[in-house]
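Student: The following block contains the structure, expressed as structure tokens.
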């Protein structure tokens, strides 16, 4: 019986991470900037996320409606058209009623933070021999904590706490990536 990763796989992964240390630092800095901007105006950050998600849903909905008509003979016309129209409607609600959209997105983000936090923790355990793995663990724990806190503070969280938590998430993610990149550069 063998472990999930053998020593050679781990060493190869560490070497790839070492080679990409500069990217980790750059992405960490960008994430930190995004975090600071979210802290500066959390309500605007919440609304910005709502509008961006809304416009993305609208674009995807339009693409699905176009696909439905362009592949009409494929047998899934009604299904594809229905999903496209539903996606368009979700986008229209997010853009047309940003407060309701923010409430919906608050729930989605809470779930996403919990899932991503768990994934970060699992990933950090798998990379444990690599320098900086503890920072990724801390980032995962913070993500899970923020997701649970959003649920605990709902519906008040829908107005601006989402923007604050986005700032915290981006800041901790930025610190984790920055510190991991710098640790890999030195190792």
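The backbone N, Cα and C atoms fix where each Cβ goes, glycine too.
Caution: TrEMBL annotation is automatic and unverified by curators.
OK, TrEMBL features for this one:
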type	residues	note
TRANSMEM	20-39	transmembrane segment
TRANSMEM	51-70	transmembrane segment
TRANSMEM	77-96	transmembrane segment
TRANSMEM	102-123	transmembrane segment
TRANSMEM	130-152	transmembrane segment
TRANSMEM	164-184	transmembrane segment
Student: Who are the chain neighbours of the transmembrane segment (51-70) in space, where the CB to CB distance is under 8 Å and they lie at least 6 residues beyond its ends?
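Tutor: The answer is 77, 80-81, 83-95, 98, 101, 105.
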Student: List, by number or range, the same-chain residues at least 6 past the transmembrane segment (77-96) whose CB is under 8 A from its CB atoms?
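Tutor: Those are 50-51, 53-69, 71, 104-105, in sequence order.
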Student: Any chance you could find the range in 20-39, 102-123, 130-152 with the most Cβ pairs under 8 Å to the transmembrane segment (164-184)?
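Tutor: Answer is 20-39, with the largest number of Cβ pairs below 8 Å.
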Student: Using a Cβ-Cβ cut-off of under 8 Å, list the residues of the same chain that are 6+ residues beyond the ends of the transmembrane segment (102-123) and lie near it.
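Tutor: Contacts with the transmembrane segment (102-123): 46-47, 49-50, 53, 93-94, 136-137, 139-148, 150-151, 154-155, 157-159, 161-162, 165-166, 169.
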